[in-house]
């Protein structure tokens, strides 16, 4: 079953496929406390359900399917149990989508911009991640991270984010395993993983970053369940293809069009 990687018990929407909302990284290791200053945690009702990426002092990039009511955003967080001194909390001031927030039938526009209710300041554990200056190349070694599940078969969630290196693959590698979904021949989606399996994002990791060449190149979107199966890589929204839309929204052009 394809999984939208968000915590199942938080899903109110009737989805035709499962996205990685609340996926944990599988096959990785605990992230170094200083390597994820841009990583944010999305909470609702005290439950961490998605990740996101701080792209400047006022804006967070995440997946559209991570949209829920009463979102709280934690920045500068490492351990869920032991707060950093410079942790900050925000709530959304505005949210922007390429699609209606309730429409997930187009697999390649799973993207949401959140404007924070007030800007954050850079600190020891908070700093934005650069948007891409060019698209990533197939074969690139990329890195993804999150507080999602760390077991493909058990509901095991970590206290601190886990990081894993995966490879950028041909899009067809994500399209071929799922003929029943009739995915388009071309897509604004990146395909990434390890073909032999064992390394992947998972439930709870949705919305988190795929980092290639030190830039925010992808947004964790969907993948198979169980996670980390051989020849079942995961899909990430391609940030570069949405760059004009992102920059227009941030500049105040809220009527900006999404890429076709």
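Cβ atoms here come from the backbone N, Cα and C positions, even for glycine.
What Swiss-Prot records for 1-18 is signal peptide, and it gives similarity to another entry as the kind of evidence.
The domain 'Peptidase S1' annotation in Swiss-Prot covers 25-251, and the record cites sequence analysis as its basis.
In the structure as shown, the Cβ atom of residue 31 (disulfide bond) sits within 10 Å of 21 other Cβ atoms. The feature disulfide bond is assigned by Swiss-Prot to 31-163 (among others), with sequence analysis given as support.
Classification of residue 66 (disulfide bond) by DSSP places it within a helix. The local packing around residue 66 (disulfide bond), expressed as other Cβ atoms within 10 Å of its Cβ over all shown chains, amounts to 31. The feature disulfide bond is assigned by Swiss-Prot to 50-66 (among others).
What Swiss-Prot records for 65 (among others) is active site, charge relay system, and it gives similarity to another entry as the kind of evidence. When other Cβ atoms within 10 Å of the Cβ of residue 65 (active site, charge relay system) are tallied across all protein chains shown, the result is 28.
Under the three-state DSSP scheme, residue 98 (disulfide bond) falls in the coil class. For residue 98 (disulfide bond), the Cβ neighbour count at a 10 Å cut-off comes to 23, with all displayed protein chains included. Annotated disulfide bond per Swiss-Prot: 98-258 (among others), in sequence order, evidence recorded as sequence analysis.
The feature N-linked glycosylation site is assigned by Swiss-Prot to 103, with sequence analysis given as support.
In the three-state DSSP classification, residue 110 (active site, charge relay system) falls within coil. Per Swiss-Prot, the feature active site, charge relay system maps to 110 (among others); the stated evidence is similarity to another entry.
Residues annotated as disulfide bond in Swiss-Prot: 142-212 (among others). For residue 212 (disulfide bond), the same-chain residues 6+ apart in sequence whose C-beta sits under 8 angstroms from its C-beta are 136, 140, 141, 142, 143, 168, 218. According to its DSSP assignment, residue 212 (disulfide bond) is in a strand.
Residue 191 (disulfide bond) counts 23 other C-beta atoms within 10 Å of its own C-beta, drawing on all protein chains shown. Feature annotation from Swiss-Prot assigns disulfide bond to 174-191 (among others); the stated evidence is sequence analysis.
Annotation comment: Swiss-Prot describes 202-227 (among others) as disulfide bond, evidence class sequence analysis. Other Cβ atoms within 10 Å of the Cβ of residue 202 (disulfide bond), summed over all protein chains shown, number 32. Classification of residue 202 (disulfide bond) by DSSP places it in coil, neither helical nor stranded.
The active site, charge relay system annotation in Swiss-Prot covers 206 (among others), and the record cites similarity to another entry as its basis. There are 35 other Cβ atoms within 10 Å of the Cβ belonging to residue 206 (active site, charge relay system).
Put simply, 50 is the one of the recorded positions 50, 65, 191 whose Cα lies nearest to the Cα of residue 31 (disulfide bond). Here the disulfide-bonded residues are 50, 142, 227, 258, and the one ringed by the most other CB atoms within 10 angstroms is 50. Distances between the Cα of residue 66 (disulfide bond) and those of the recorded positions 98, 163, 174, 206 are shortest for 206.
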